[in-house]
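Colleague: Relevant sequence annotations retrieved from TrEMBL are reproduced here:
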type: TRANSMEM; residues: 44-63; note: transmembrane segment
type: TRANSMEM; residues: 69-88; note: transmembrane segment
type: TRANSMEM; residues: 100-120; note: transmembrane segment
type: TRANSMEM; residues: 126-150; note: transmembrane segment
type: TRANSMEM; residues: 171-191; note: transmembrane segment
type: TRANSMEM; residues: 203-222; note: transmembrane segment
type: TRANSMEM; residues: 283-301; note: transmembrane segment
type: TRANSMEM; residues: 332-353; note: transmembrane segment
type: TRANSMEM; residues: 365-383; note: transmembrane segment
type: TRANSMEM; residues: 625-644; note: transmembrane segment
type: TRANSMEM; residues: 656-677; note: transmembrane segment
Amino acid sequence: MEKRKEHDLKIHENGKTSKSPKLCGTNYPVSISFIVVNEFCERFSYYGMKAVLTLYFINYLHWDQNLSTAVYHAFSSLCYFTPVLGALIADSWLGKFKTIVYLSVVYVLGHIVKSVGAIPSVGDSTIHIVLSMVGLILIAFGTGGIKPCVAAFGGDQFDEEHTNERRKFFSIFYMSINGGSVLSTLITPILRGDVQCFGGDCYALAFGVPAILMVIALVVFISGSGMYKKSPPEGNVLLDVCKCMGLAIKNRWKSSKYDPKKKHWLDWAEEKYPRRLIHEIKMVLRVLVLYIPLPMFWALFDQQGSRWTLQATRMNMAFGSTFVLKPDQMQMLNALLILVFVPIFDMVVYPLIGLCRINLTPLKKMAVGMVFAALAFGSATLVEVNVTKTVVEPAPQGQCLLQVYNLAVSDVKLNIPGSNLFSQPIKSYEDPPAYQHIQLGGHNKTINMAVTQNEIPYQCVQTFTEQKAYTLVLHSNGSGIVCQLATDNIHKSEKMEAYLRFINTRSEAVNITVGAVDFYVPADYGISPHNSVERKEYTTDKCTSGSQDFPITLGLLDFGASYTVILKGDPGQIILHKMEDVKANNVHIAWQIPQYVLITAGEVMFSITGLEFSYSQAPANMKSVLQAGWLLTVAFGNVIVLIVAEGAGLDQWMEFLLFAGLLVAVCIIFSIMAYFYTYVDPDELDKLFPDKTVNDDDEDNLKKNQKYHMDQTDDSMYLNQIVKSTNM
């Protein structure tokens with residue numbers, strides 16, 4: 001106790017001690033203001049960078065969706081492996097303050113490297129990838145390393161008797177985390193999409209602003225250095241646990257059949273470690289066994305920033321005619337809902353369940369949380385099924401896709417040998433209903449097709465290549481029907497833009513400006529390339545033909561659609577006819593709200609309850625062991641997503657359904673394990689192992705454990721406020 005009281009005093013170089021300065025006559029240390037601002041800026045930095053990460057991989061590094069998802073979750077996994085290392089460094093070597101400072105420097109360097117890698121003029125694509133990966137690794141070590149230190153360091157600033165103030169501090173700390181998360185996931189997508197630099201989305205700015213916030217976080221934290229209470233490193237109980245378990249395994253392995261039998265394999269460590277510590281480890285292992293199924297929940301939960309964001313890119317993001325949400329902004333909904341749901345569940349839902357005389361134990365709450373997460377992915381599956389209805393699936397090997405434009409003045413018929421496709425007459429300027437699959441039987445094939453107009457047949461010979469999409473343009477040239485083959489772009493824009501091309505039936509070439517994009521369309525059925533244009537209503541665009549300028553109105557070019565606009569008319573006029581080759585995203589982003597509501601409800605019941613249960617079932621001095629185990633479940637959950645994304649090869653809706661089914665199966669296993677679990681009271685340890693039973697050989701070790709127990713007991717009271725800092 002004397003050592004603990006010493007930590008409540010600041011020791012200056014001249015050897016004098018003084019109480020930490022307080023805020024405005026309250027019992028709140030001035031130092032906590034630096035810690036709260038630091039946490040807000042750090043969380044803004046982390047979530048701001050992570051919000052745009054998946055789209056950065058796809059649109060800037062040009063990776064496919066599966067690779068982007070895999071790398072995103074590999075990074076997330078590393079962010080939850082490194083806190084164990086950060087805790088060991090803080091408790092065994094540097095102390096919390098120095099660990100936060102040194103790893104924050106690593107954090108800042110990672111952001112800078114990541115931002116430089118997003119500048120197109122810096123090297124080629126290989127350099128960009130290398131800089132991005134190095135930056136992400138440094139960020140993972142930085143954010144993970146300081147994760148277990150900041151909240152605990154803030155708690156250390158309070159005097160022992162100021163427990164109410166410390167509790168309120170953790171509430172403020174919790175709010176700073178969510179505030180940074182909400183603002184960053186709102187702002188950085190705007191910096192990415194609405195600010196243009198280097199000819200496209202400004203990822204350098206979207207990463208640079210979080211880098212600046214992390215610099216501010218570091219400067220603010222260091223600024224309060226003279227006011228902090230800095231406890232020296234006192235050893236990490238996780239190391240003691242690992243050493244004890246290692247010794248037990250070693251002695252058990254070396255034992256012979258003549259040695260006395262032990263009731264438990266950990267009892268083989270009794271020669272060196274006190275029986276109380278061994279019994280505490282047994283209690284912890286009982287909880288850790290329950291952790292085994294938990295990674296599957298995190299495998300679903302953490303896909304908000306990857307698969308759910310990618311789903312949002314294929315949805316309609318417009319709210320009315322003026323406000324357009326960005327796909328990577330939807331993640332802020334989780335942070336907003338958690339602020340609403342935590343008090344609602346604590347003050348309304350759980351009391352109502354209690355009034356119904358339903359015994360909702362912590363383990364039952366966790367199982368229900370898993371069910372909510374599975375339902376969230378069931379909802380995501382339904383959304384995905386409807387989203388894919390607007391997607392044109394590429395042709396498999398040995399096939400191609402074909403649609404037909406009839407630009408002649410009357411109906412035509414098309415006959416493809418060996419096929420009954422296009423059996424109905426094709427009307428003039430009819431918007432094709434869908435692409436048809438053409439069997440090629442190899443890499444490419446030349447097909448002699450018959451086109452009939454007014455009972456007169458014409459030959460059309462074209463060569464098709466597998467896995468491509470084509471438009472066959474039929475038009476008359478005065479002596480008959482002429483056919484022309486154009487290659488199509490059927491892929492939806494990952495940037496939520498529309499694709500546009502023109503076919504010019506006129507005798508004069510045309511220059512057209514749509515927004516900031518220029519098109520040149522040759523005369524006599526010339527076809528322009530596909531270009532992406534911003535999604536909006538186009539009413540006053542410029543078209544130049546010869547020496548004349550014509551205003552044109554294209555109307556709404558919507559999210560994810562691909563259009564072909566046919567230009568016709570006499571030299572003195574231009575008439576537009578718009579075709580929709582790929583349908584626009586017609587599923588509104590609001591349909592993602594149910595899955596966010598369900599996954600957030602699942603988080604409240606699973607995550608917060610899970611850590612509260614864990615800490616209630618193990619001694620207070622084992623809190624860091626349980627925290628390490630909990631963080632590792634998050635890490636392994638992300639590893640599961642990585643494996644499925646790269647190895648399963650399923651359609652997205654089937655992958656969502658797979659995850660939902662796996663979590664239901666895991667929930668059943670967890671429920672069975674929970675049914676046979678017996679709740680314990682860690683306070684009973686004091687009755688089982690009173691201090692007077694300890695022999696002289698164990699005295700030093702026990703004193704160390706008692707000291708750690710005393711230091712950790714107060715902090716466990718505030719778990720409900722700081723749990724989000726562990727998981728975010």
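Glycine is treated like the rest: Cβ placed from N, Cα and C.
Automatic, uncurated: that is what TrEMBL annotation is.
Model, not experiment: these values are computed from the prediction.
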Colleague: Could you tell me whether the transmembrane segment (332-353) and the transmembrane segment (203-222) have 3+ CB pairs under 8 A, leaving out pairs under 6 positions apart?
Modeller: no
Colleague: What same-chain residues lie close to the transmembrane segment (69-88): Cβ under 8 Å, and 6 or more beyond its ends?
Modeller: 50, 53-54, 57, 63, 99, 103, 136-137, 139-141, 143-149, 236, 238-239, 302-303, 305-307, 310, 624, 627-628, 631-632, 634-636, 638-639, 641-642, 645-646
Colleague: Using Cβ atoms and a strict cutoff of less than 8 Å, what residues sit near the transmembrane segment (332-353) while being 6 or more residues removed from its termini?
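Modeller: For the transmembrane segment (332-353), the far contacts come to 175, 178, 181-182, 185-186, 304, 360, 593, 596-597, 599-601, 603-605, 608, 724.
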Colleague: Answer with yes or no whether the transmembrane segment (44-63) touches the transmembrane segment (171-191) by the criterion of at least three Cβ pairs under 8 A, sequence separation 6 or more.
Modeller: yes
Colleague: For the transmembrane segment (656-677), I need the partner stretch with the highest count of C-beta pairs below 8 angstroms, choosing only from 44-63, 100-120, 126-150, 365-383.
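Modeller: By Cβ pairs under 8 Å, 365-383 leads among 44-63, 100-120, 126-150, 365-383.
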Colleague: Under 8 Å between C-beta atoms and at least six residues away from its ends: which parts of the chain pack against the transmembrane segment (625-644)?
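Modeller: Tertiary neighbours of the transmembrane segment (625-644) are 69-70, 73-74, 76-81, 83-84, 87, 147-148, 237-238, 241, 284, 287-288, 291, 294-303, 306, 610-611, 614-615, 618, 655, 658-659, 726-727.
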Colleague: Quick test of the contact rule: Cβ under 8 Å, at least six residues beyond the ends. What residues does that give for the transmembrane segment (44-63)?
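Modeller: Here the qualifying positions are 69, 71-72, 75-76, 107, 111, 114, 118, 125, 128-129, 132, 139, 143, 180-181, 183-185, 187-189, 192, 200-201, 203, 206-207, 209-211, 213-214, 217, 305-306, 309-310, 313, 327-329, 331, 494-495, 728.
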